[in-house]
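Peer 1: Below is a structure I'd like to ask you about.
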Amino acid sequence: MSAPRPQAEGEAAPAAAPPRHSGELGSTQASHRLLAYSDALLSIIATVMILPVAHTKIHPDQTLGESVQQLLLTKIAVYLMTFLIVTVAWAAHVRLFQVIELIDDVLALLNLACMMIITFLPYTFSLMASFPGVPFGIFMFSTCAIVIGLIQAVIVAYGFYHPYLLNRQIQVSENQAFYKHHILQIILRGPVLCFLAAIFSFFFIPMSYVLLGLVIFLPHITRLIIWCKNKTVGPKDDEESHRLEALAFYLNEPLSKERVEAFSDGVYAIVATLLILDICEDNVPDSKEVKDKFHDRLTEALSEYGPNFLAYFASFVTTGLLWFVHHSLFLYITKTTRFMGLLNTFSLAFIGGLPLAYQLTSEFAEKSHNEIEAIQVSCVITFFASIFQFAIWITALFHERETLHPLARYGGKEHAFMFAKLALYPCVSLGAFFLTCLLSKFSTAIFHIVQIVVPFAFLALRILVRISLAIIKSMLSLSRRKNVVLDEEETCLSPAETLS
């Protein structure tokens, strides 16, 4: 946070914070636990959106390639859009409780009402994914988003009606009405677009999806327009911009690194949990079948589920290692920019798709003719989940003095190691994808070898990086020595010999 602006000569001193009555102190509490609960719930809701996609029933006579085109592609597109919209709702919730620091019983209950509507979003998504051309699914999803925005607007109105609940900086400000208007703009721009999407859903459905997409990108488009305007016309210098300056840290700066990490950890944890839920649901043999078919030999009955267990462990390892990379990345990131936050959201959206990869690869034994397509879909999901992590790193390098720890900056001790760690999964997944295209007969063997090799590659990565750096340094030193020898030989030659 920037230092407070020095008071100019002749300027009135800021008003002291309003005194709090004993009743106010007794009925209020810090919002930390409420925010932790809300972050956990929002990360769960964003992640379980993948379930209708992962549990898509594919007809036994239908190839996976046809299914991807006819069934999965639309659902995946709708999933990505709704996942990103939920993350927009989470960001608005974070902004809201940057303004309101204390809560009472009324605010806690209003937040619970907001969370209740948010938990209904996966059902509305299921309607949208199953019936993309029917208006009712879009209407239900948009209505839920509108109600969420209205409840958050009521929370804002209640907070400003009881100023002792607000952030200390806003309490002492003389422009509370302006700040109230500004935070309401942030909260309600999404619901307004959803209202328009609900209307258009009844006579022009494609426009509804365009408006829902604007919910995701409108803040970034707005900032881009403002940046371009400031570059061409010059920054706006008026009373309103000075008013906003005091609240810039809370409403205009990127979300805090800690909240981004907490939300991301929640998504990774829920993805790992969804994997074991599928195992518990689909891979427990029926007791009658074990008795009649396998003569009470449970181990023999479980052996039929071998590919499912292998797919589970492989998917869990992939999820865990991608979290490990994410953890290592944010260990050296000191500050997140807005664009880095957007890239992180895209990465999490594809992390949420890993249960779909598990569902596809767990059916190798039953549908061997779909192995290549299942492997390629899994490679694509892993590639995009990891390449967006790599993009966060590249973006941070452009502003490394502000965003990166000195050890991870260009030329730092950990720079090469972090580069290798972040590049490993994109290279491996892309390589596996093309190898399965070229060597389709060995696609399953290639996939399993990659799954086994990658964890050991992470263990040996630091040693491999050191060896590679040592080889590069030795090659560079040899080339320098050759250049020195050539220069010395040229100096020893006479001018005539040099010309000849």
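Each Cβ is built from the backbone N, Cα and C atoms, and glycine gets one as well.
The annotation region 'Disordered' is assigned in TrEMBL to 1-26. Residues or ranges marked as compositional bias 'Low complexity' by TrEMBL: 1-20. Per TrEMBL, the feature transmembrane segment maps to 34-56, 76-94, 106-125, 137-161, 192-217, 309-332, 339-358, 374-398, 419-439, 445-472.
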Peer 1: Is the number of Cβ-Cβ pairs under 8 Å between the transmembrane segment (309-332) and the transmembrane segment (192-217) three or more, considering only pairs separated by 6 or more positions?
Peer 2: no
Peer 1: Please give the sequence-distant neighbours of the transmembrane segment (445-472): residues at least 6 beyond its ends with Cβ less than 8 Å from one of its Cβ atoms.
Peer 2: 310, 314, 317-318, 321, 324, 361, 375, 378, 416-417, 420-421, 424-425, 428, 431-432, 435-436, 439
Peer 1: Do at least three CB pairs under 8 A connect the transmembrane segment (106-125) and the transmembrane segment (34-56), leaving out pairs fewer than 6 apart in sequence?
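Peer 2: Counting Cβ pairs under 8 Å, at least 3, so yes.
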Peer 1: Any chance the transmembrane segment (76-94) and the transmembrane segment (339-358) are in contact, meaning at least three CB pairs closer than 8 A with a sequence separation of 6+?
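Peer 2: Counting Cβ pairs under 8 Å (6 or more apart in sequence), the transmembrane segment (76-94) reaches the transmembrane segment (339-358), since there are 3 or more.
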